[in-house]
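Pulled from TrEMBL:
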- 261-295: coiled coil (COILED)
- 341-382: coiled coil (COILED)
Amino acid sequence: LPTTGFRTAKYTPEEWHQNNYTKFYQSFSDRDNAERIQHESKKLANETLAITNRTQADVTKKLGERIHDINFWKFELQREIDDLIAETELLFQQKVRLEKALDATEIPMQIATDNLECRFRRQGPDLVKDNVEIQLLREVDLLKSVQDLLKRTIEQTMNQIRMNRDAKQNLELDWSDKLDAHNIDDKCGRLNNQSTDIQYYPNSAKFEDNSSTPESWAQFTHDNIVRAERERMASINLRSLIDNVLHDTSDDLREQCNSVNEAFAKRVEEMNDAKTKLENHLQKVLIEIGNQERNISMLKQAINDKEAPMQVSQTRLNHRTYRPSVELCRDPVQYRLVSEVGEITESIEKLRYRLAEAERSLHELEDTRMALEKEIAVKTNSLFIDREKCMTVRTRYP
């Protein structure tokens, strides 16, 4: 029979075997990949289960910690509320009986303000808010407080009662909000995977725009308590000052006056010490300026002294270029002359570098000298103000 055309529709045995091998390999690869996916899926499921359980336990723990924090601040709020109620009742029963003479506070006020104005004329870095200024400002504040105290009457007591009640109301509102938050977090802490009242809330995983931070949350209550304590302390101070204000204010003013005088004496001593040290440094700088000027002169002379040796070396080299024929030899003399020129050149460069360094140092020393002289003048002015202008005036303190 004719065989023409049969070959194009057939595969060779090798192709048949190759096709089988390909299918075997693909089967092995697919099974291996499937087993890997199954193993990784099981591992992932176990890992996510552990993470979920751990996260839920951590959240439950944090809810407990949050409830503990809320209870702490509730206790602090309740304690301050009770203290305010008791203090307001005491203040309500108290009667203010104050009659004061304000004239005695005018001279100390004039002295303190005059001292502050004089010290404002200090110069440069001496215009510092030192302990003297702090004590003077305290003295002014104390005098103003005493004058205000002398003017207060029953109206002041009633105003304090009103402020106590306002502070108490703020504390009670805060306490009420914390009670609601406690109940909500307590309910959340009791929820678990078996709870019947759990469901999906798709849009709940977010932060509200008006939500607070733990720091601002604690700070809010802390500020409320601080304000309440401030009002309560003001009320206590008001009650205690009613009968003893004259004696107490006199002692306070005298004590503050002594603090100011001591601060002035210490500051004058510090200024004298600083001025003396500056003068000592100035003398040392002046000596060093002289030394550096002599050093510069020496360096310049050393540079000049290198000119003749350089000329000798270069002249020798120039003359030796005229040696005839084979006599123009790179002999040891030639090598040494070339190296000599290099050595002299290097020496001159080093000397010039050192000269530039010395001149910069001299410039810096001159700047330092002027700065020290200026600073000494500033210290002299400050000493005159504190010792002659201020401390002399304070001798008239009543």
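Keep in mind that glycine also has a Cβ here, set from the backbone N, Cα and C atoms.
For the coiled coil (261-295), the residues of the chain that approach it from at least six positions outside its boundaries are 130-132, 134-135, 358, 361-362, 365-366, 368-369, 372-373, 375-376, 379-380, 382-383, 386-387, 390-391, 394, judged by C-beta separation under 8 angstroms. Mean pLDDT of the predicted structure over the coiled coil (341-382): 93.
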